[in-house]
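Right, one structure below, let's go through it.
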């Protein structure tokens, strides 16, 4: 079986954040996960280990692979279920499995921002490049996936450079500010706390800082990085360990860390609400897995929003750019066809290689035979003639045998094929006497 492309995954279209956080891969787990995935196929009859890459973000977890194993689809879904200890019947309804051209089209759309919650957002492209880099370091990236991703990045650049897909997009950060303005009439009068110091927190800090909040604080596990971000926006840093004791000081809390467990629990928020005398707290949890226990959202005077909640506001901005979407989809469709042509060409490489190997083996055998004839004193012209006749007979033996064995439509197809190989071959009617 030829190498086949396959994408297995879940995203914000198919699964809620409660499930997405359970199948997310922390960065430090991706290389070991790729190793275990490849080991799944060691006992299978397919001769080649699969190529694989894992893309894990707030909105999606996807496994891209290239394999010649016919059972790859079911094996990949079963592996994802087993790895995360999620019952297969619970995970399966939310999983999509995209073969060949569908996998290519999906990769192009994801990198171009067409499949994002924030239409046209650029962060996903960097995340995909990081996924490819990690797969390369893990030794799980081969010819097929490497070519797929290089084409993917080129298509994303073309889409973003020739369409308005990223223009006037409502980012998650901007959506968070809009929601805060629904709770607090003036964000400028509020104290804002950011937990984390990654790209998403940086974007949120940019948008909230533009509102001129009363105070801006950054709490991060790495104090130096948190202080650097806070200084950039005229704020201050605070140790993450101080969060439980100081949570009541803040009106707005935005969190996005890489923690695999919640860092804000129900009890801590209950104490903060009590200390605030029930003044409202606006909380945004942009992390997957979530940073804030979901039960917090049930508390009176707490307004908790997740990435899925912000999606509704984001989609309002997406609707106005459908012309750009259509233009981008047209570009992608053309590039998908181009890539599939390359993939089809790759599928004949093993056949061509085998033909060369067979022909070379025949050549070497006949040359050795000719050398022996010359060594015993045979006439060189006779040796050359014998060599050429032997090569001719052996090289056309396969095609002529196939023609003799074929019947009906198969025979006609083979005859047409041979005419293509040997352009001056006569038609069957041309062999009759005239």
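Every residue gets a Cβ built from N, Cα and C, even glycine.
According to Swiss-Prot, the protein carries these features:
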ACT_SITE  58  active site, nucleophile
BINDING   57, 58, 59, 60, 116, 121, 122, 123, 127  substrate binding site
BINDING   196, 197, 198, 199, 200, 201  NADP(+) binding site
SITE      106  site 'Important for activity'
Spatial neighbour of residue 122 (substrate binding site) that is closest, considering only the recorded positions 58, 197, 198, 200, 201 and their CA atoms: 200
Other CB atoms, at most 10 A from the CB of residue 196 (NADP(+) binding site): 28
Other CB atoms, at most 10 A from the CB of residue 116 (substrate binding site): 25
Cα proximity to residue 198 (NADP(+) binding site), best match among recorded positions 59, 106, 116, 127: 127
Any further residue of that chain within 8 Å (Cβ to the Cβ centroid of 57, 58, 59, 60, 116, 121, 122, 123, 127) of the recorded substrate site: 117, 118, 124
Residues close to NADP(+) site centre defined by 196, 197, 198, 199, 200, 201, Cβ within 8 Å: 194, 202, 203, 204, 256, 257
Spatial separation of the residue listed as 'active site, nucleophile' from residue 196 (NADP(+) binding site) - C-alpha basis, Å: 15
Tertiary neighbours of residue 201 (NADP(+) binding site) (same chain, Cβ under 8 Å, six or more apart): 194, 195, 218, 229, 254, 256
